[in-house]
Amino acid sequence: MEPGKGRAQPTRQVLLFFVFLGGSLVYSETWSYSIAEEMEVGTFIANVVKDMGLDVEDLVARGARVIFDDYKPYLRLDPQNGDLLLNEQLDREALCDLTEPCILHFQVLFENPLQFFRAELLVKDINDHTPTFLNNHILLKISEGATLGTLFQIDSAQDLDVGKNGVQNYTISPNPHFHLKLRDGDEGRKYPELVLDQSLDREKESQLSLTLTAVDGGSPPRSGTTLINVVVLDINDNAPEFEKPVYEVHVPESSPLDSLIIKASATDLDAGINGELSYSFSHVSRDVRKTFEIHPISGEVYLKAPLDFEIIQSYIINIQAIDGGSLSGKSSILVRVVDVNDNPPEIAMTSLTSPIPENSSPEMVVAVFSIRDQDAGDNGRMVGSIQDNLPFVLKPTFKNFYALVTEHPLDREVRNEYNITITVTDLGTPRLKTQHNITVLVSDVNDNAPAFTQTSYTLFVRENNSPALHIGSVSATDRDSGTNAQVTYSLLPPQDPHLPLASLVSINTDNGHLFALRSLDYEALQAFEFHVGATDRGSPALSSEALVRVLVLDANDNSPFVLYPLQNGSAPCTELVPRAAEPGYLVTKVVAVDGDSGQNAWLSYQLLKATEPGLFGVWAHNGEVRTARLLSERDVAKHRLVVLVKDNGEPPRSATATLQVLLVDGFSQPYLPLPEAAPSQAQADSLTVYLVVALASVSSLFLFSVFLFVAVRLCRRSRAASVGRCSVPEGPFPGHLLDVSGTGTLSQSYQYEVCLTGGSGANEFKFLKPVIPNLLSRDSDMEKAPPF
């Protein structure tokens, strides 16, 4: 590949022929080493650590390696001590043929940071080849009229060794007619020539046999021989002459086999057999004989083997024309091989780092590779590129070496794998290209916090639940991978310091399931909220939180509680109802509450038992007890009512209230409590005498008082008295009870207190002033219960 002038190229393309790096990547100094060919594998050459001033630890840590220009592993680097060792036996003749000196160029590559150390290895020749002649017999036809001192060229020997190990001398067997003269040729080679010392006489001796010996300069020297047969001919006084001393021809390397290269023509003024010419090669190299052939009669030169500009750019072909009298003429053909674009670029990966972390800094080296094209000129100039829209870029480093580096930030959650196609195209016609695919994986770092599926969760739990009940779940996901995406859940400290969160709920750290630790009571706690956290297992760990609201659903676990009349087992209060009461007369109102909520606290009332069915009725929605019909003198005075209070839960719960009702003709007559039990026999005996005497003495007066009282009451019948009742305890209800009916007291009624003085045996009736004035103009319609 030939260097060329640099020119600007589009983004991501790199012209290979103008790469010249400065800075610390490449050291300008070139280290030179040498070794003799055919040495054993493992032979020590040098210690690069000492030569280049490096540390042994850098060899492994920075991935040190040896790279030759032709990518063959001639040497290897021992990472333990930095010794440069022979990796395979070297054959100088196979590597460099006749080129001297035989130098192999290589680089010592270090990564992170990227550094190149240029070096070269001189392969020294040893004397391992013997000089050989192409022909075992050399035929010379010499006219007997040849003048003394005439030179006769003879074939030279070939020795694959070079320098002093090549052919250094020729000798010929002793004879009276010839001596040997050596002529220096191209590339320091020596060519033998016979010099005529004594005239030949065909009649005396028509043929001579001589032994030619070739000796090299090795130690010990090697030699080879051939036999020269000299045939003495009649006199031929004109030698052949070529048209040109040198012919020059340009041949494309893609020329087909057997194609005509050139026709060389010579003339001879002699006639007859002395004028008949034959053409042949003269002192040509092995490559020439392998590649070309000459027609002995016409002098046409044909292509015998393929040409390859990348191996040999030109050939010098020495030809001769010999007439029938053994006189010869000489000429040369310079064949210049014309390069064609027949070699695509080559890509050799040196290193590849995969996977790379997604938080890699810009300019991080991902891959290092080298490229080359064996063509010349524009055919060997190359441009490299990768696909667009990738966060990578190609950058030149050292001669024919390039680095694939990061250009933009990476995000594994957006893309975790890149399939990169490196394309190298030459500038020949037609253009040839080579592609190499690499896969770069992006490894995860913990850069994403867990995210809950919802910012807040609302959970519903029915009260009286069993402990360890699963009440719901929270879920969070993490866009990272591996342990960075493994989420654990936890309860965060509540904002309310009085909320005993640790005793209410727990959370499964692995799946986010929430459990109630104990039975919840709606009447004690209707709702509470707390925060849950989700934390990944990355380093450092990232977390997020979400709000959880727990609403306790009411269950029908509270029976109605009767506030009035009191059901505490003490002396019952008795409701007084005048016999003159109209139908719908308000006797009293049963007041009850339910600790539940919603429909579980909707209360309904019904008359469960009555002394006289049909006389009283209970309003189902507000608990008012009213007369169902007009009272008569035939109705008994004492009545016992049992009112059932029932909620609307499922299943419903209930309570009962017992009422004592006394029918009176008027509120001026004394009140006698309903006896619950007969007086003891002892008390009856002690009072019998006194009662009989008192009854007899006052009976007349008593009857008169009764008649007078009845007359007065009849006059006042138009002003019926309102109901009397015992006082309802005043003050707030207990905090855990809720009056949902909205009627906590008797409405539009009088309040009475009728009590019996305990232990006196005498009845005392107290008439109290009304608390709320009675509205006589009340509507005849029943009061509607408040809506639920």
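Here the Cβ of each residue, glycine as well, is placed from N, Cα and C on the backbone.
Of the candidates ASN437, ASN464, Swiss-Prot records N-linked glycosylation site for ASN437; the remaining residues carry no such annotation there, which does not rule it out for them. Checking the candidates ASN359, ASN568 against Swiss-Prot, the annotation N-linked glycosylation site falls on ASN568. Closest in space to ASN169 (N-linked glycosylation site), of the glycosylation sites given as ASN419, ASN437, ASN568, is ASN437, taking the CA atom of each residue. If you take every residue in the topological domain 'Extracellular' (29-691) and average the pLDDT, you get 88. A simple Cβ count within 10 Å picks out one of the glycosylation sites ASN169, ASN437, ASN568 as the most packed, and that one is ASN169.
Cβ neighbours of ASN419 (N-linked glycosylation site) (same chain, under 8 Å, six or more residues apart in sequence): ASN437, ILE438, THR439. When secondary structure is read from DSSP and collapsed to three states, ASN568 (N-linked glycosylation site) falls in the coil class.
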